[in-house]
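> Pulled from Swiss-Prot, these are the listed features:
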DNA_BIND  28-51  DNA-binding region
BINDING   Cys92, Cys100, Cys106  [2Fe-2S] cluster binding site
DOMAIN    2-133  domain 'HTH rrf2-type'
Amino acid sequence: MKLTNYTDYSLRVLIFLATKNSNELVNIKDIADSYSISKNHLMKVIYELGKLGYVETIRGRNGGIRLGKAPELINIGEVIRHTEDDFNLVECFNGEKNHCILSPICGLKHVLNKALSAYLDVLDQYTLQDIIMNQDHIRKLLS
């Protein structure tokens, strides 16, 4: 399964913020520059992460962003479920767009459903804290 850039950027933002002190405010430009990502793309991502409670945004001259929850409370599987548009691996997963004549008898859909469930089950076992265990190395690479 391939994650969208939107989800990739969401996870990268969370990783970046998790390597900072909990009260430290970061601006979007710093994140964009560290990852060589468009600031405009990140603004959309951060807005959504804020609505979901993963980040806290503070407006104004001395504003910025920081994690809205402790890293150990941010589940990777949950983040991915919130940021991915859909999990329609193949056409038959989408009832409205399914035109495959094999759908009524096909065993592939069942196999792919099991694979998707296993994929998400693994992601559910990890938190942001697990992902940033090597914070010192991450900080070096991001600076």
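Heads up, the Cβ atoms here are built off N, Cα and C, so glycines get one too.
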> Give me the DSSP three-state residue breakdown of the domain 'HTH rrf2-type' (2-133), ordered helix, strand, coil.
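Once the DSSP states are binned, the domain 'HTH rrf2-type' (2-133) shows 69 helix, 11 strand, 52 coil.
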> Would you report the average pLDDT that the model assigns to the DNA-binding region (28-51)?
96
